[in-house]
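J.: Take a look at this one; I'll ask things after.
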Amino acid sequence: MGIEYRSLHTSQLTLSEKEALYDLLIEGFEGDFSHDDFAHTLGGMHVMAFDQQKLVGHVAIIQRHMALDNTPISVGYVEAMVVEQSYRRQGIGRQLMLQTNKIIASCYQLGLLSASDDGQKLYHSVGWQIWKGKLFELKQGSYIRSIEEEGGVMGWKADGEVDFTASLYCDFRGGDQW
């Protein structure tokens, strides 16, 4: 039997599914996954990959409100993309992202994510591009430049019609802003 993919809203996840998700994220990120990171994972849509009843892959799409230069936009922000170690390099991550693209296309003006160096190749393969514009984050009521994040944030739009050199301003949240 193959891998089964399910799309669910956080409100539809059972306690045991949330616990399995947390365990997968801690393992997949080798312990470098904070409580803030987990909070960022909740409150939106999840695409989950199962091998029978075992959760082996996950990605979340969370609604965020940002600005593209001076224009407010609704963003589907990708969080907590992970595939269990023994299931990697089998196309599961690609399938998770293809389904993510469909959700973003139907619900948001733009898709964004903060990619690890290892993840960029996968995201490029499903149409995501490095954001070339300046990045800003809200800190104590003022926007400051997120220089350390530049080159790691990627964007995707179904029709491709977005200026990837425009400045992006992200909303405020606990933990990492991007």
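Counting begins at 1 with the first residue displayed.
Any Cβ shown, glycine's included, is placed from N, Cα and C.
Straight from Swiss-Prot, here's the annotation block:
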BINDING   Asp32, Glu79, Ala80, Ser114, Glu148, Glu149  substrate binding site
BINDING   Met81, Val82, Val83, Arg88, Arg89, Gln90, Gly91, Ile92, Gly93  CoA binding site
DOMAIN    8-171  domain 'N-acetyltransferase'
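Relative to the rest of the structure, where do these features sit?
T.: Listed in sequence order, the residues of the same chain lying 6 or more apart from Asp32 (substrate binding site) and placing their CB within less than 8 Å of its CB: none are present.
All protein chains shown were included, and the count of other CB atoms within 10 Å of the CB of Gly93 (CoA binding site) stands at 22.
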J.: Say you check the Cα of Glu149 (substrate binding site) against those of the binding-site residues Met81, Val83, Arg89, Gly91; which is nearest?
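T.: Given the candidates Met81, Val83, Arg89, Gly91, the nearest one is Met81.
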J.: Please state whether DSSP places Met81 (CoA binding site) in a helix, a strand or coil.
T.: strand
J.: Mind giving me a neighbour count for Met81 (CoA binding site)? Other Cβ atoms within 10 Å of its Cβ, every protein chain shown.
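T.: Looking across every protein chain shown, the total is 22.
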J.: Using a 10 Å radius around each Cβ and counting other Cβ atoms from all shown chains, which of the binding-site residues Ala80, Val83 yields the largest count?
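T.: Going through Ala80, Val83 one by one, the largest Cβ count within 10 Å is at Val83.
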J.: What average pLDDT is reported by the model for the domain 'N-acetyltransferase' (8-171)?
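T.: Mean model confidence (pLDDT) across the domain 'N-acetyltransferase' (8-171) is 94.
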J.: What is the biggest Cα to Cα gap, in Å, among Asp32, Glu79, Ala80, Ser114, Glu148, Glu149, the residues listed as binding substrate?
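T.: Roughly 20 Å, rounded to the nearest whole number.
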